[in-house]
Amino acid sequence: MARTKKANDEVPTDSDSLKLKVAKQAAKLVKDEMVVGLGSGSTANLFIQELGKRIVEEELYIYGVPTSFDSRMVASTAGIPLISLDQCGEIDLAIDGADEVCKSTLALIKGGGGCHTMEKIVDYYAKEFIVLADEGKLVDSLGDKTPVPLEVIPFAYSTVLNKLLKLNTAPAIRSGSGKMGPVITDSGNMIIDVFMSIEDAEETEIMLNNIPGVLENGVFSKCDKVLVGTSKKVEILKK
C-alpha cells in the first residue's frame, strides 16, 4: 500500500539541488586549522553538514563560530568543534547564505531567519566573507522582492515604526508561526521588515542603523565573493 503524502513532507526542488551544489563547493574552500564563521539558514546548514563530513573524513583541525542557536545545533550534530567569538581572536573565513544578491555590487539582503545581527558581526569580522546562493537569489537591485529586516529593541518598536513611515517605507512587525505575537530573535528583540528600494547599499545600511532603537539591519554592503549555483555549474562572482 502506497504511503500517503503528508502536508509537512519535504520534496526536493531544483533550488535545493543548487544549494547543495554550492555548499559542497564551499566546504572545499576550508583549510586545515581554520576558524570558520558558520552562517545561518538552509544553504548555510548544508555547508555546515558538508564541512562536518570533511572534518571526519580528512581529520581536519577546524573550529566553527556559529551565528545562531540553529547553526550551533546543526554544527554540533555534524561534529564541528565550536568556539565563541571572544575566544577565537580572529576568523579566517565566514560562509553564509543570502535572501537577495545584487549582481552588480554583490550587496546583500539577509535576515529572513532573523539571525542577521550575529551573522553580520561574524561575517564582517572574518578575513574573507563568502556568500552561497542559487541563481534565483540574484537581482538587479536590492529590495525589489525581499524586505529588509531590522532587529529592534522592544522598548523602541513604535518609535522605530513611526520613523520608518516618515522615510516613505512600508514597515511591518514580523509575526511568528507556531505562536501568537511577534518573532523574537535569539537576543530577545523584535523584527521589523521594511519594504523599500535600495539604490546605495552602504548608505542605506548606515542610515537604518542610525535610527535609535535599531540594533542591526539586514543590508550587507560588504562581501568578498559569491558562489552561485546554476543548473550547469557553480559560478563565482567577485567585486
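Start at 1 and count along the chain as shown; that gives each residue its number.
Placed from the backbone N, Cα and C atoms, the Cβ positions cover glycine too.
Quick look at what Swiss-Prot annotates:
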ACT_SITE  GLU119  active site, proton acceptor
BINDING   SER40, GLY41, SER42, THR43, ASP96, GLY97, ALA98, ASP99, LYS110, GLY111, GLY112, GLY113, LYS137  substrate binding site
Exercise for review: Could you measure between SER40 (substrate binding site) and GLU119 (active site, proton acceptor) for me? Cα positions, answer in whole angstrom.
Suggested key: 7
Study note, to complete from the structure: Least crowded of the binding-site residues SER40, SER42, counting other Cβ atoms within 10 Å of each Cβ, is SER42
Practice item. Pull out the binding-site residues from the set SER42, LYS110, LYS137 whose C-alpha sits within 10 Å of the C-alpha of GLU119 (active site, proton acceptor). Key: LYS110
Revision key, fill the gap. LYS137 (substrate binding site) has its Cβ surrounded, within 10 angstroms, by a count of other Cβ atoms equal to 24
Review point. Where does ALA98 (substrate binding site) sit by DSSP, helix, strand or coil?
Key: coil
Revision key, fill the gap. Ordered by sequence, the long-range same-chain Cβ contacts of GLY112 (substrate binding site) under 8 Å (at least 6 apart) are GLY41, ASP99, THR146, PRO149
Check your understanding: Whose Cβ lies within 8 Å of the mean position of the Cβ atoms of SER40, GLY41, SER42, THR43, ASP96, GLY97, ALA98, ASP99, LYS110, GLY111, GLY112, GLY113, LYS137, the substrate site, other than those residues?
Key -> GLY39, ALA44
